[in-house]
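Here is the structure we will look at, set down as structure tokens.
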There are 2 protein chains.
Amino acid sequence: MKLPHVAIVGATGAVGVEMLLCLEQRNFQLGELTLLASARSAGKKMKFRGEEIVVKELTHDAFEGIDIALFSAGGGISLEFAPSAAAAGAVVIDNSSAFRMEEGVPLVVPEINPEAAKDRPKGIIANPNCTTIISLMALAPLHEKFVLKSVIASSYQAVSGSGAQGIIELEEQVKAIATGQEFTPRVYPRQIAFNVIPQVDSFTDNGYTKEEMKMANEGRKILGHDTLKVSCTCVRVPVYRSHSVSITAQFEQEPELDKARAAYDGKAGVHVVDDPSQMIFPVPLDTTGKDDCLVGRIRKSLVLDNALDIWVVGDQVRKGAALNAVQIAEIL
Amino acid sequence: MKLPHVAIVGATGAVGVEMLLCLEQRNFQLGELTLLASARSAGKKMKFRGEEIVVKELTHDAFEGIDIALFSAGGGISLEFAPSAAAAGAVVIDNSSAFRMEEGVPLVVPEINPEAAKDRPKGIIANPNCTTIISLMALAPLHEKFVLKSVIASSYQAVSGSGAQGIIELEEQVKAIATGQEFTPRVYPRQIAFNVIPQVDSFTDNGYTKEEMKMANEGRKILGHDTLKVSCTCVRVPVYRSHSVSITAQFEQEPELDKARAAYDGKAGVHVVDDPSQMIFPVPLDTTGKDDCLVGRIRKSLVLDNALDIWVVGDQVRKGAALNAVQIAEIL
């Protein structure tokens, strides 16, 4: 069998760099690797398995001979170039939100709905929103046992979700405050250092942000659960890389606590870290640079019947983006 | 009328200092002011209205002639000394959790249940938990119009909630990280800089923390609403002074959005800051050092009937503690 020729589109971005790292760390079997980026970044050299690869400019005819194209360069680039890549015969795995809700485009979390990746009439597979992936890693094992009815969530989202610029903005603001310098927020509408911002992405007509609606719409599509109700408040916090989500999940069947904990036994990519008596619970720093999501604070809701309150953390750049995309490539 | 002799117990702590500031800024009408603290802090001088006051040692006979004693020196000190103060004829306003749920001790937010302060058979009035006060400032006007059934909340709590030591720990960790120094968390079980910690106060048997149960128990007592259901996840975030709370509130009657916003018209101590089209929503820095709580992100829940998702911020040291205590003293 010929090993696939893989391309990363947006190779020099925060997620692109992490995709390269995931391919290397997971010893991904590939024949050739092409790195693509904007004209501005073309010519840069990036290391992969000890060798230097020169980044090429992204053009419509850059996809000749490519089998798998991992896109992470924003929705605009995906809309413009993913169809060219698919037409050239590549399977596109797209990290942007451009195609996620489109009919005929599977939306895949490999631990949850790997079978969906098989049927891709448009040659495109979408990688879900980061907060959605991390939340579903906690919810899917419970859904399998107790059948989800509704999800109420509040997120604590890292600045890596805004790409390298978000990380730089937090670093710069912390420095400016320490030295008494003035600064003007560029990436976020308000200061993010020593502050939290209850807004991620732009607002929609119902008062929810696009990010909040992604949790609802993408969650339903990935779980194949049209009647699932989701209400979410997405909040940016001054954390560098890992997202956390506080979730109240209601089920059709009673989720007894021991059965809920056992639901994670043997599941790939998610672990329970939950022992209040020993002050053990997961925090975002625990998952930074790691593959697996961690679930804790599992307890019965004091408000809703058949419901649990839980807490999940996961690396936004990794399981929330790059790793999930590479895992999709692995199941192809 | 003779102006009251006021004492602050724990005058040198974070909340004690802020109580002094509130008394001065609000031009509180007092005849004499006594500052009390541990033997370690006795002899320190603190400024009040341009004059220096020497801090005295807290003893059981320190309350002779005092009319109002504002306590903020932790639950142990309150349990030991509040009865002596009350026996000496002072009205105790206690910021600790020691007496909050005790029968015969009113638990008061002056904008919500000022009448409760009148009947105080034990001579003690309790100041509620900070997250509870800030949440109720947002919920009480809605409860008045639509009648609360349940509250599901996730908090974003500032380090000031752990007193001056919490603030110092965040500052020190940020500095240590900037200079590549090692550090060991002392106040919090995990690093708080660039992290969030889903634990505030110790755990109880049901898996919820004491802080989370305060929201439930104190909320019911303040609103006089025994059947109110509350489920809460309290999370510490690297913010210095203001708490934020993401709340899903369900009501008996339908909370139409325009009526919900109008519920805050003319209410003291709380304002609506909510215009998504202009990217306007409240963040914790907006309330730092300020008296009023701010409510935004008001929208219909996508999960529960007759429910709203809202976001509230308020200064933890001020409305969450010192200001509320001084306001109780004002209504006496």
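Using the three backbone atoms N, Cα and C, a Cβ is placed for every residue, glycine included.
Record features (TrEMBL):
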ACT_SITE  A:CYS130  active site, acyl-thioester intermediate
ACT_SITE  A:HIS243  active site, proton acceptor
BINDING   A:THR12, A:GLY13, A:ALA14, A:VAL15, A:ARG40, A:SER41, A:SER160, A:GLY161, A:GLN316  NADP(+) binding site
BINDING   A:ARG100  phosphate binding site
BINDING   A:GLN157, A:ARG236  substrate binding site
DOMAIN    A:5-120  domain 'Semialdehyde dehydrogenase NAD-binding'
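Sequence features, as recorded in TrEMBL, placed on the structure.
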{"residue": "A:THR12", "record": "NADP(+) binding site", "contacts (Cβ under 8 Å, 6+ apart)": "A:LEU35, A:ALA37, A:SER41, A:LYS44, A:MET46, A:VAL55"}
{"residue": "A:ALA14", "record": "NADP(+) binding site", "contacts (Cβ under 8 Å, 6+ apart)": "A:SER160, A:GLY163, A:ALA164, A:ILE167, A:VAL317"}
{"residue": "A:ARG40", "record": "NADP(+) binding site", "contacts (Cβ under 8 Å, 6+ apart)": "none"}
{"residue": "A:ARG100", "record": "phosphate binding site", "contacts (Cβ under 8 Å, 6+ apart)": "A:LEU107, A:ALA126, A:PRO128, A:ASN129, A:LYS214, A:GLU218, A:LYS221"}
{"residue": "A:CYS130", "record": "active site, acyl-thioester intermediate", "contacts (Cβ under 8 Å, 6+ apart)": "A:GLN157, A:GLY161, A:HIS243, A:GLN316, A:GLY320, A:ALA321"}
{"residue": "A:ARG236", "record": "substrate binding site", "contacts (Cβ under 8 Å, 6+ apart)": "A:GLN157, A:VAL159, A:GLY161, A:SER162, A:TYR188, A:ILE192, A:VAL196, A:ILE197, A:GLN199, A:VAL200"}
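Filtering of the recorded positions A:THR12, A:ARG100, A:CYS130, A:GLN157, A:SER160, A:HIS243 by Cβ separation from chain B (threshold: under 8 Å) yields no residue. Largest Cα to Cα distance within the recorded NADP(+) binders A:THR12, A:GLY13, A:ALA14, A:VAL15, A:ARG40, A:SER41, A:SER160, A:GLY161, A:GLN316: about 26 Å as a whole number. Comparing Cβ neighbour counts within 10 Å across the binding-site residues A:SER160, A:GLN316, the minimum falls on A:SER160. With a 10 A radius on its CB, the residue listed as 'active site, proton acceptor' counts 30 other CB atoms from all the protein chains. Cβ neighbour count for A:GLN157 (substrate binding site): 27 (other Cβ atoms within 10 Å of its Cβ, all protein chains included).
A:ALA14 (NADP(+) binding site) falls within a helical segment according to DSSP.
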